[in-house]
Structures are given as structure tokens and as C-alpha cells.
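Worksheet: one structure, shown below.
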Amino acid sequence: MAAALAYRWLLCAAGIVNVLPIGGQRHTASDNPSTYNIGGVLSSSESEEHFRTTIAHLNFDQQYVPRKVTYYDKTIRMDKNPIKTVFNVCDKLIEKRVYAVVVSHGQTSGDLSPAAVSYTTGFYSIPVIGISSRDAAFSDKNIHVSFLRTVPPYYHQADVWLEMLSHFLYTKVIIIHSSDTDGRAILGRFQTTSQTYYDDVDARATVELIVEFEPKLESFTEHLIDMKTAQSRVYLVYASTEDAQVIFRDAAEYNMTGEGHVWIVTEQALHAKNTPDGALGLQLEHAHSDKGHIRDSVYVLASAIKEMISNETIAEAPKDCGDSAVNWESGKRLFQYLKSRNITGETGQVAFDDNGDRIYAGYDVINIRDHQKQHIVGKFSYDSLKAKMIMRINDSQIIWGGKQRRKPEGIMIPTHLKVLTIEEKPFVYVRRMGDDEFRCEPDERPCPLFNASDATANEFCCRGYCIDLLIELSKRINFTYDLALSPDGQFGHYILRNNTGAMTLRKEWTGLIGELVNERADMIVAPLTINPERAEYIEFSKPFKYQGITILEKKPSRSSTLVSFLQPFSNTLWILVMVSVHVVALVLYLLDRFSPFGRFKLSHSDSNEEKALNLSSAIWFAWGVLLNSGIGEGTPRSFSARVLGMVWAGFAMIIVASYTANLAAFLVLERPKTKLSGINDARLRNTMENLTCATVKGSSVDMYFRRQVELSNMYRTMESNNYVTAEQAIQDVKKGKLMAFIWDSSRLEYEASKDCELVTAGELFGRSGYGIGLQKGSPWTDAVTLAILEFHESGFMEKLDKQWIFHGHVQQNCELFEKTPNTLGLKNMAGVFILVGVGIAGGVCLIIIEVIYKKHQVKKQKRLDIARHAADKWRGTIEKRKTIRASLAMQRQYNVGLMASHAPGTISLAVDKRRYPRLGQRLGPERAWPGDAADVLRIRRPYDLTKSGQLGLGRTRPQQNPLPPRYSPGYTSDVSHLVV
């Protein structure tokens, strides 16, 4: 007994060792269950029997069932009571450990039993595969966490709608849908798919009007009134069969089901009893084939379990509904495997999206005719070669509304259009009406500001190239119009906005383009350049005028100014020449002044040595050499100064020769007509050059520069200089504030033909054309294009060119002016003659100044002479008086001396010292000093001194070496200090 127990224990241990992973080894097939129960909640006994048969056959299909794996069926009948269905699922399915459940539709419409099954099994993460439930609610994975279905939801018909619209080239539709979950889901699917998968804007369908109604309609008349005023005549209808009958009934009363109207409906609306003839509807292939969907769901489940067995371990399914703590992770992973299936089944290609909804479902395109007879005219099916869904429709088999074989246009073609334009000479001239005017001229058309509330905004008249084109176009294709001016005066450009917080930015257009994109206008007749950015959002006709981009600049001035003779040299060079003259003169003076050989004379010559060169002579010499005038005197004397003089002479020769040659080039030779050679000019490409160029902000030219990578540096430079309007830029070119204006060639050629001072530079670049702008999908596009082509062939466009753009007589006068011979005349050299006149006038002025100055000096000298004469006379009078006084004083002293000679002892010393006073010179009084008697006698002796020492009258003796007086004040002849 003990031995037997030990043997069994060894067998169990060996089995455990075999199944446990060793060292992280991969699991084996024996880790997974060998039997799998598949539950079925079906609505009929036939479905149950087919379910059992399918699983029985599946067990013999080795492609889907691995070895030692067996599937068993567990089925219950769908109950119309959802609560009872839930209990049956728990008691009869979950208790049996089902790994998945296949569920069909309820017994009645709106049955909640399939949803109850999904709630119950989803709580335990048991996958559910629906074979007939198509409500949008089952796509919500927050509620139906483990629900898949082999049929697509109703709102997936929006994908087929878009394919049909693309096939028929309908771009504007009206969507009519119910306000329930499915109705809103189909609208959201339509809009999202249209924007995401249809990159071609031309093929993208836009929703003009959305009509939402409450289910269980009684009347649809109110909505039909709005639909009738819309432009689109293509109606997409999602409604129940009952609501569709009300819609079609009221639409027939408003004559909206006949010729020109297109009705495209879903499956439910297709079965209405009064679906209009010519309507197109969709019918899901195999929609009612429960057997096919049961088989596909079983095989999809087997395919997922097989792959899961080979990749991971599958835990057993939950068994108890009462255990709320059950978390079956294998069920969640099995659901992911199911969503990744892609097999070919009885109902077509079976695959699922992230929501578990069937994709690649095929549809039949049904055409209603002959009172509710359905005819298949196309299919939407899976193409295995292209691996995608393909729409195939036989247009010839379709009978449209009103029993028409021809496809309707899909829109109501209006005959009265809102036309916008913009002021742009010569294409559109705008004139404000006077106060006394009530109507425009015959060649003008009223053009108020668009959507302006001010009454004065209506007082404008327009004429020009585009106005004549619009008048002729309206006659040719038969439409009427209201003409208006652009509200903001701009052609329009796009602004990137992100209003919804999405990752991608949205382009929002302004100006004329914005009015067209927002469908507030029908047509733009203006010089509107065709470019890719605009063509993405609006339609363009064929170009009515081909043009490009060119550069406008002011023609280099040919008019000779008074200083035209100075043009050969720049201002800087002239200044340097003037400075050089005086610098050389100064150096010559210094060299001659300090040279030891600057002054010399010949040996054995009595002549004086030569004088050195002074500064004025040096300046005269420098100017004389420069101006090639003869130098007679004042030349350098030293060798060093003469060497510098020779160098200066060579410099002067080169300067004069260069000046003469350039003077001929500036005044005689042909000058270039433009400063720039074109867009490839290095001065435009080089951002360091001080050359201002600009264009108009947000214009087609501005967009062109943004697109061109090779012009990016140039665009960054000119971006800050761009103007708001072309008119402002052209005026600045005329004034010289702007050197180059880059704009459309038509406008610039017109300006150049009107003003001979303006010229276009270089060849055209960025060639494009002017077209008429229309809304996307406008019915007038083809008609306008054909009319413009006819205008080109008939010569009407050429006539407009001659009338408005090329002013022949003005242009011819400009050409004649250019061809006149370039000879020098008084106008060219008037400045030189005026310079000579200025020199003469300057000399005359200087001589007048010298004469006036000399007269002033003479008058001043006369006053000095008079003052000097008066001073001399006064001084003579004073001297005469002093002489008389001195004589009287001597006489008195003499008398005193005689008296003293008789009594010498009685005379005081003071008297003796004053006996012989010192007399001054003859020319004036002198100060007398005691003891100067001898000097007095030697100077002036009216009396002789006898040998006896007595004075006596007699002749004076000749004076010998008279002593100078001790003090002899002098008198000068300059008495200018006495003149007041």
C-alpha cells in the first residue's frame, strides 16, 4: 500500500515538473485547456441548429482547430425580456465556462436583449460577437467593453455616401438625419471622414445645410422651406422607415423629388413605401443571412483562439456569476485577438476596427424606379488585389428623378450673382459719385462697398478692363449680377488659426477670397492671380490674361543738372582731390622752406640769392599743375620739392585724363535703361546691399516669395518693407523712396507705359495668370471658362489689352525720346558756364569789396593826417609859450646874477644853484637842474662870457662836442593817440 502511494506521488511530481516552465521556457500546448465552450444566444431554432452544426464541422477543420482541442456549443434562446435573458446567460452559459458568446438580434425591433447579454458578459470580460445588432451604441467601448459584430453599424453608411458623391462629382450636399444617437453618429462620421481621407479639396464634399429632426415625424414642411432656398440639390437622408415616409410625402408636395433633385438614402429609408423614383439607396449584402454570420463569427473566434494558444496561456473562463471579484484577463486578451482578425468568410472579407465594428462590408447600390421597384446599379465591395473597398456604379442604368437619364448637376444654378471686385488700375477704376449725380456713366457700373451699412458707401462707380469683361461675360452666359467692392480693400490671404485646440492649424482667409470661401459672394471679377494656395479653397476659370511678376523702378535720370560735369567723380573723390591740392601745396612749401638748397645764387655773381617758395605761391603752383595752366613764377627751388612737383604733375595728368574719359561716358555714351538686371540681380539677392525692394502684404506675389526657397533671404529683407496697397508702393517709386517694387507685370507695364520715368527691369518670372474666382463646386465654372476661351479666340481680350493696358501713343512717345542721339548741348554743360559766370561774379564782388575797403582806409588816413596836423600845431604853440617863459626866466636869472656879482657874499646857496637853469632842446621845454649852467652855455648862449668872467653881449662861439642834456624828454610825430 505504501509503495503504491509512493509510486502515484512520483507520477504526480513528474507531471508537475513537465508542465512548469524551466528557466523562462515558453509554455506548451498542454498549458491551455483542451476544450472550449462557445455560447450562443440565438433567436430561432434554425439558428441554434446551424450553430451546433457549424461547431461540429469546425472540430474537423485543422486549419482553425489545433490538435487535442475541441469546441462545444452551449446555446439558449433569445428572450424578449432582457432581465430573463441575463439570468439565462448566467445560469446556462457562464456556469458552463463559455469562452465567448455569439448573439443575434432580438425578436422585435428595439429589443434590449442583445445589450443585456453584452452588459453581462462584458462584466466578466467574456467576448461577445453580434451577428445582427447595428446600433451605434454598441460601438461605445465604455459600455460594451467586449462586444464585436460581423455586421457594420448603420452610421458606417456615411463612408459609402462619400464614395458615391466622389463618383458623381457632387461637392455640396444637404444632410437630413434624426436627432437620435445613430443620426448624429452618421453626421459625425461623414464630416470626419470627408476631412481626413479626402485630401483633394476639389473632390471633398461639403455640407451646405444640416437638417435635424425629432423621430416620429408628423410634418417636415418647415425644414423643406430652408432646403429649397439652399443651393445644393443633393439630399442625404438617414431616417427610420416611418420618418422617411413623412419626409418623402412633404417633399413631393414641394416638387422636390422630381427632375434636378438627387435623393441618396440609407437602408431604413430605402424601404419606405413612397421613396421617390430616381432615388439611390444602400443595401447591406448578407444583411439577413444569419447562417452566414453565425459561421463567420465561429470561425473568427476559432482563428483568434488558435493564435492565442500558440502565443500565451489561456486561463479557464469564469464559472460563477455571483463572484463579482472575477477578473478574467485572458478574456480581455482574447478580445484583442478577435479585433485583429482578417479572414474571408461567407459574408465577405471579415475584419474589425478598434471599436470591434465590421469593416470591408459590401453594399449594393439600389436605384428606385417604376414605383418602388429596386434595381441594383452598383456595388461597394472589397477588392483583394488593392486590399480596399471599391465603388463600381453603372451610370447608364440609373434613371434619375423626372425619369432623366442624364445625371443632374446636383445644385441649383442661380442666375443672379453677387460679384465682388477691387480697385486696381487699369483693371478697375473706382470713382465716387458727386453730390449732384444720381447714376453712373454708360461705361461704368455701380459698385457699393460690400455689406456696408453706411449710405455713402453706395456712391461709387466702377469701370475698366474687368468691368468690360464682366459686362460681356454676363451677356454671353446669361446671368445678372450685383457688383460690390471688397470690404477691406484686400485680395485676401490666409491666417493660421487653432480655435478648437486641435493639433492641426486651420487656414482662415480674409479679403475677397474669404468672402468667396465663406459663400457670401458668388464670383470675383478682378485681377486675381491663380496660385496653389487659393486654388485649394476656390475655383478658378481659365486665365483671361497671362502675366508674370516683374520689377518696377525709376529710370536712371538722363536729365542733365547744373552740376552734371561733376558726375564723372563721386563726392568722396572730389573731396579727396581738393584736400590733396592743399596738402601737396603745404608739403611743397615746407620742403622748399627747410631745404638747405632752397635759396642759392651762382658763384661769382653779384645778384642776390633767390627767394624760397612761399605758401601762397605753393598753392598757386599746385592748382596750376592740376588745371594745366602755365606757371610763370613761384616754382619750387629745392630738389626734393621739384621731385614732389613732378609726382604731382603725374597725378594731375591721370586725374584729368580720367575725368575727361568719364565725362564723355556720362554725358555722351548710352546709359543703361534700368539699374537692376532682374530677379537674379546680385544686389537683390545680397541682403547687405542698401537697396530697398518691396511688394504688397498678403498678395499672390508675397505668397510666391514664401514658396521659393532660393528667395528666402531676399523675402526676409523685403518683408518689413511691404506695402498695404500697390498704389502706395508705385508712388514711392516715383518719389525715389522705394528703389524696386515687385508686382504683377500687367499693372507695372501699364504704369511704365503711362509714365516715361518708370521702367520694368529684367524678364518675367513666376508666370501665372489672372482668373475669375468662384466658389468650390460652382456650376458656373465651366460656363465661365468656355466663355473666356471664346473671348481669346475672337480677339476680345486683345481689344481690352489695347484699350486699357497699353496706351500706344504714350508708349511710342517714350520710345522716340529714348532714340534721340546722345550729343552734348548747352543743357548738358550749362553748369560749366554757370561756374565761369560764378567766377566772374566772384571776381567782380571781390574788386568791389576791395574798392570799398580802400575808400574806407583812405578816409581813415585823412582823419589821421588831420589829427596829426592839429597835434603838431598845438605842440608848436605849447613849445613857443614854453620858450617865451624860459627866456623870461633866464632874463630874471640874469638880472639876479648881475646883482649877485656885486655882492657875492650876500647871495644864498639856493640862489646860486638856480643861477644857471637847464634849458630844454629847441624843439621843446626841458627840466632845469642846479649846476647845469655850463651845459646851458654850451647849448644856447645869448651872451658871451668874457675872459674876466663877466657876461656880455656878443657873438656866440662855435660849440665843440656839446654834452647831452641830463634829461631831455622827446616828442614823437605819431599823434594817433590824440585822435578821438
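Each residue, glycine too, has its Cβ placed from N, Cα and C.
For reference, Swiss-Prot has these:
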CARBOHYD  Asn255  N-linked glycosylation site
CARBOHYD  Asn311  N-linked glycosylation site
CARBOHYD  Asn342  N-linked glycosylation site
CARBOHYD  Asn394  N-linked glycosylation site
CARBOHYD  Asn451  N-linked glycosylation site
CARBOHYD  Asn478  N-linked glycosylation site
CARBOHYD  Asn498  N-linked glycosylation site
BINDING   Pro527, Leu528, Thr529, Arg534, Ser700, Asp744  glycine binding site
TRANSMEM  571-591  transmembrane segment
TRANSMEM  649-669  transmembrane segment
CARBOHYD  Asn690  N-linked glycosylation site
TRANSMEM  829-849  transmembrane segment
REGION    948-980  region 'Disordered'
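What Swiss-Prot annotates, mapped onto the structure for a quick look.
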{"residue": "Asn255", "record": "N-linked glycosylation site", "Cβ neighbours (10 Å)": "11"}
{"residue": "Asn311", "record": "N-linked glycosylation site", "Cβ neighbours (10 Å)": "12"}
{"residue": "Asn342", "record": "N-linked glycosylation site", "Cβ neighbours (10 Å)": "13"}
{"residue": "Asn394", "record": "N-linked glycosylation site", "Cβ neighbours (10 Å)": "12"}
{"residue": "Asn478", "record": "N-linked glycosylation site", "Cβ neighbours (10 Å)": "8"}
{"residue": "Asn498", "record": "N-linked glycosylation site", "Cβ neighbours (10 Å)": "10"}
{"residue": "Leu528", "record": "glycine binding site", "Cβ neighbours (10 Å)": "29"}
{"residue": "Thr529", "record": "glycine binding site", "Cβ neighbours (10 Å)": "24"}
{"residue": "Arg534", "record": "glycine binding site", "Cβ neighbours (10 Å)": "26"}
{"residue": "Ser700", "record": "glycine binding site", "Cβ neighbours (10 Å)": "24"}
Local Cβ density at Asn451 (N-linked glycosylation site) - other Cβ atoms counted within 10 Å: 11
Secondary-structure category, per DSSP, in which Pro527 (glycine binding site) falls: strand
Rounded inter-Cα distance in Å - Asn311 (N-linked glycosylation site), Leu528 (glycine binding site): 64
Asp744 (glycine binding site): tally of other CB atoms within 10 A of its CB: 27
Under 8 Å by Cβ from Pro527 (glycine binding site), same chain, sequence gap 6 or more: Glu424, Phe427, Val428, Tyr465, Cys466, Lys545, Asp744, Ser746, Arg747, Tyr770
Residues Pro527, Leu528, Thr529, Arg534, Ser700, Asp744 [recorded glycine binders]: greatest CA to CA distance in Å: 16
When distances run from the Cα of Asn342 (N-linked glycosylation site) to each of the binding-site residues Leu528, Thr529, Arg534, Ser700, the nearest one: Arg534
For Arg534 (glycine binding site), the one of Asn255, Asn394, Asn478, Asn498 that lies nearest, given that the glycosylation sites are compared by Cα: Asn498
Chain residues in Cβ proximity to the transmembrane segment (571-591) (below 8 Å; excluding those fewer than six residues from its ends, i.e. six or more beyond): 598, 613-615, 618-619, 621-623, 626, 636, 638, 640-641, 644-645, 648, 651, 655
Glycosylation sites clustered about Ser700 (glycine binding site) [Cα within 10 Å; pool: Asn394, Asn451, Asn478, Asn498]: none
Reduced DSSP assignment, Asn342 (N-linked glycosylation site): strand
Arg534 (glycine binding site) in three-state DSSP notation: helix
Rounded inter-Cα distance in Å - Thr529 (glycine binding site), Asn478 (N-linked glycosylation site): 25
Length of the line joining the Cα atoms of Asn478 (N-linked glycosylation site) and Asn451 (N-linked glycosylation site), in Å: 25
Cα-Cα distance linking Asn255 (N-linked glycosylation site) and Asn394 (N-linked glycosylation site), given in Å to the nearest integer: 27
Rounded distance in angstrom between the Cα atoms of Asn451 (N-linked glycosylation site) and Asn498 (N-linked glycosylation site): 27
